[in-house]
Every structure is written in C-alpha cells, then in structure tokens.
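Engineer: There's a structure below that I have some questions on.
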Amino acid sequence: MSDQVSLGVVGIGKIARDQHLPAIDAEPGFKLTACASRHAEVTGVRNYRDLRALLAAERELDAVSLCAPPQVRYAQARAALEAGKHVMLEKPPGATLGEVAVLEALARERGLTLFATWHSRCASAVEPAREWLATRAIRAVQVRWKEDVRRWHPGQQWIWEPGGLGVFDPGINALSIVTRILPRELVLREATLIVPSDVQTPIAAELDCADTDGVPVRAEFDWRHGPVEQWEIAVDTADGVLAISRGGAQLSIAGEPVELGPEREYPALYAHFHALIARGESDVDVRPLRLVADAFLFGRRVQTDAFGR
C-alpha cells in the first residue's frame with residue numbers, strides 16, 4: 001500500500017455529505033475512489049448500489065468508511081474486513097456491544113485497522129479539558145445535551161427503531177466527551193428512559209452515574225428542546241467549574257474563556273485513521289456505547305405521548 005490510502009465511503013446520507021466527504025477531500029493521506037449508496041451518488045468517483053458490489057469491483061481498495069445506520073454496520077464491517085480492507089466506523093460503532101467485540105477480534109486476526117470513531121472527542125475543547133482535569137479534585141459533573149429532533153433528524157425513521165438509540169444518538173456524543181476528559185471510569189447507578197408510545201427508542205433520558213471514587217455524574221438528554229440547542233458539560237472542581245459548551249466548541253475555566261483552536265472534528269478523525277493504518281493499529285473504545293447499553297438494560301421506562309411522523 002502506498003502512503004496515500006484508497007478509500008471507499010458507504011452510506012451517502014447527510015452526515016457523509018456534510019462531514020465525511022469534505023474531511024476526506026482535505027486529508028492528503030486519502031484518495032476517495034468509490035462510494036456505495038442505495039439512493040445517492042458522488043460525482044468524480046465510481047458509484048455502486050451496495051458494499052458487496054463495491055468490494056467485488058474495487059479489488060485494490062485499501063479501506064472503507066461506513067456511514068450507514070448502526071443496524072446494518074456489523075454486516076458491512078465484517079464483509080469489508082473479510083475482504084481485507086481497513087474499516088472506519090461512524091458512531092456508534094455498532095447496534096450491540098457483542099457486534100463490536102467480534103469485529104475487533106476479526107480485525108486483529110486479519111492484521112487490519114478497525115477505528116471506532118467518536119467525532120465529539122475531536123472537538124476543540126476536549127483535550128484542553130482533559131489535561132486540566134487530570135490534576136484536579138472533581139466534585140460533580142452535570143451534562144445537559146438537548147436539541148429538537150425534528151430539526152436535526154427530519155424523516156430519519158431508523159433512529160426510532162431497535163438499535164437506533166433514540167435520544168442517545170446525540171447523547172452518546174456527550175458520553176464520548178465525558179469518558180475522555182474524566183480521569184476515572186464511570187458506572188451507571190440509575191437511569192430513566194422516556195419513550196413515546198409509538199416508537200421503540202427514548203425521546204429523553206436521565207442517567208445518574210458515579211466514577212470509581214464516588215463522584216456523581218448526571219446526564220440529561222432531551223429531543224424535545226428548542227429552539228436553541230443545549231450541548232453543555234459542567235465539571236465542578238475545587239479550583240472552579242470547567243464548562244464545555246456548543247458541543248465542545250467552547251471552553252471556560254472558573255468563569256474565564258479559554259482560547260481554542262479551529263473546529264476540525266472530522267478532519268482529525270481521518271488524520272487519525274490514516275495514522276492508525278500506517279502503524280498497523282486499531283482504536284476501539286466502547287465505553288460510551290456501554291453506558292448507553294447499561295441504560296437500556298438497567299433503566300426505568302416511562303411512556304409518554306406518541307411522537308407522530
């Protein structure tokens with residue numbers, strides 16, 4: 001394989017067009033060669049109706065980036081790995097933890113890279129927050145991740161089906177940040193899932209966790225919020241409150257704003273994917289998904305009014 005990695009993208013929907021394709025175009029380590037999607041095409045590359053057709057035709061392809069919904073990701077990722085391709089997974093990495101474990105083992109067996117991405121971990125505030133918190137006495141953590149589902153997921157029925165996560169689809173972004181910036185592991189203690197009567201996944205949720213020192217970590221997720229999104233994490237410490245806002249684009253410490261670099265979540269993901277391939281390594285951290293899975297396993301369910309379509 002040359003230094004430039006030939007790449008295929010599978011699932012040309014909103015996230016692929018808004019984030020993946022521009023990031024690939026800006027990353028010199030990748031050359032977009034082909035795409036697969038049932039209902040869309042990308043100009044300037046070869047297009048196929050599905051991954052099977054792409055893999056059959058593009059024998060020299062080095063890697064694939066999977067952007068389809070999580071319910072189909074396991075079958076796609078397994079097919080790509082068995083075809084000898086490195087694989088990058090949009091979040092969440094799978095519909096179940098078991099799927100991801102099998103994929104990780106398969107990648108290791110085949111000597112291939114598997115990268116389970118968490119784009120919010122690449123937000124500008126995350127690493128400065130992590131470094132500052134590493135030496136602080138943390139007292140409590142409060143997460144508020146709220147938005148309007150009709151604005152951010154219009155017509156996306158898959159989010160309401162089993163494996164679609166519901167409000168945890170954006171909420172897992174917050175959990176990916178929290179599990180990155182906090183110095184100790186989290187354990188779920190209680191959860192409440194608010195589920196509309198006509199769907200399978202929650203429209204709102206509350207999680208109460210604690211780290212291994214007993215520090216409380218509370219998360220509130222709500223898809224009925226608006227018109228202004230609330231994507232915030234507040235960490236109370238002995239040296240003041242560290243506050244992340246705008247989904248990780250802004251940071252303040254003890255009331256003072258911190259100057260951050262430019263936003264480059266998806267470009268950073270592709271740069272990391274290229275580096276992983278070059279080193280022959282994988283990066284699969286399932287802790288955010290495990291917290292969500294624990295909430296579904298352990299949480300109390302409360303039915304609410306039908307969502308409608």
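Cβ coordinates are placed from backbone N, Cα and C, and glycine is handled just like the others.
Under the heading active site, proton donor, Swiss-Prot lists Lys91. Residues or ranges marked as NADP(+) binding site by Swiss-Prot: Ile15, Ser37, Arg38, Asp169.
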Engineer: Select the most exposed residue of Arg38, Lys91, where exposure means the fewest other Cβ atoms within 10 Å, treating these as the recorded positions.
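Structural biologist: Looking at the recorded positions Arg38, Lys91, the Cβ with the fewest others within 10 Å is that of Arg38.
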Engineer: Once the DSSP letters are reduced so that anything not helix or strand counts as coil, what is Ile15 (NADP(+) binding site)?
Structural biologist: helix
Engineer: Write down the Cα-Cα distance for Asp169 (NADP(+) binding site) and Lys91 (active site, proton donor), rounded and given in Å.
Structural biologist: 8
Engineer: Does anything in the same chain, at least 6 positions from Ser37 (NADP(+) binding site), have a Cβ under 8 Å from its Cβ, and if so what?
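Structural biologist: When sequence neighbours closer than 6 are ignored, Ser37 (NADP(+) binding site) has Val10, Gly11, Ile12, Gly13, Asn47, Arg49 within Cβ distance under 8 Å.
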Engineer: Listed NADP(+)-binding residues Ile15, Ser37, Arg38, Asp169 - what's their greatest C-alpha to C-alpha distance in Å?
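Structural biologist: Result: 22 Å between the two most distant Cα atoms.
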Engineer: Which residue among the binding-site residues Ile15, Asp169 has the fewest other Cβ atoms within 10 Å of its Cβ, if you could check?
Structural biologist: Ile15
